[in-house]
Amino acid sequence: MGSRASLPPSNVTSDDFFFAGLSREGNTSNIFASNVTSANVLSFPGLNTLGVSMNRVDVAPGGLNPPHSHPRATELIILLEGRLLVGFISTSNQFFSKVLNPGEVFVVPKGLIHFQYNVGDKKALAITTFDSQLPGVVIASTTLFGSTPAIPDDVLAKAFQVDQKVVTAIKSKFGN
């Protein structure tokens, strides 16, 4: 999962070591008002076997990069523009957070659920870096409420201690 087969040296070009995708602002016209552009081994072949990758994270005012985790990587968040509330929940259910200003950095340990929320009045731009060429991503809300096949309503109702009607309403927002 974390690596790709290496290309024969005769097939490697300079383009394999170049990625322009982080230079373009992401489209934040969506339900979360955020966009993540990934520079991992799938889009940037030169990262193969190097154990690193990065993302560009664009977040409109009031936008959210929803709670998610990276099962194969620790994440460093470097804020370039705007203000972001960033936070994660530890394995002992302790919440750690900070409001970042440009130039500030926050680290999220491997595999923990975390988020970025724009608390400013202008767009926020962050670069996230990972210690994996393919960190993976599991978005909590879409994983639980938008899976295929769907998780049974009674399982989610019991897990979240809510009525099944609430689960049905939430699932409808994620295509289930």
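Backbone N, Cα and C define each Cβ position, glycine as well.
Since the structure is predicted, the reported quantities are computational estimates derived from the model, not experimental observations.
Lifted from TrEMBL, the feature list:
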- Asn55, Asn65, His70, Glu75: oxalate binding site (BINDING)
- His68, His70, Glu75, His114: Mn(2+) binding site (BINDING)
- 20-168: domain 'Cupin type-1' (DOMAIN)
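Structure coloured by features recorded in TrEMBL.
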residue : record               : CB count, 10 Å
Asn55   : oxalate binding site : 24
Asn65   : oxalate binding site : 26
His68   : Mn(2+) binding site  : 20
His70   : oxalate binding site : 25
Glu75   : oxalate binding site : 24
His114  : Mn(2+) binding site  : 23
Practice problem: State the Cα to Cα distance, in Å, between Glu75 (oxalate binding site) and His114 (Mn(2+) binding site), rounded to an integer. | Solution: 10
Quiz item: So what's the mean pLDDT when you look at the domain 'Cupin type-1' (20-168)?
Solution: 98
Practice problem: Take the C-alpha atoms of His68 (Mn(2+) binding site) and Asn55 (oxalate binding site) and report the distance between them in angstrom, rounded. | Solution: 14
Practice problem: Please state whether DSSP places His68 (Mn(2+) binding site) in a helix, a strand or coil. | Solution: strand
Quiz item: What are the other residues, in sequence order, whose C-beta lies within 8 angstroms of the center of the C-beta atoms of His68, His70, Glu75, His114 at the Mn(2+) site?
Solution: Ser69, Ala73, Phe88, Val108, Leu112, Ile113, Thr128, Pro135, Val137
Practice problem: Could you measure between Asn55 (oxalate binding site) and His114 (Mn(2+) binding site) for me? Cα positions, answer in whole angstrom. | Solution: 15
Self-check item: Pairwise Cα distance for Asn65 (oxalate binding site)/His114 (Mn(2+) binding site) [Å, integer]
Solution: 9
Quiz item: Beyond Asn55, Asn65, His70, Glu75, what residues of that chain have CB atoms within 8 A of the centre of the oxalate site's CB atoms?
Solution: Val36, Val57, His68, Ile77, Val108, His114, Thr128, Phe130, Pro135, Val137
Quiz prompt | For oxalate: widest Cα to Cα gap among Asn55, Asn65, His70, Glu75 in Å | solution = 14
Exercise. Can you grab the distance from His70 (oxalate binding site) over to His114 (Mn(2+) binding site)? Cα atoms, rounded to a whole Å.
Key: 9
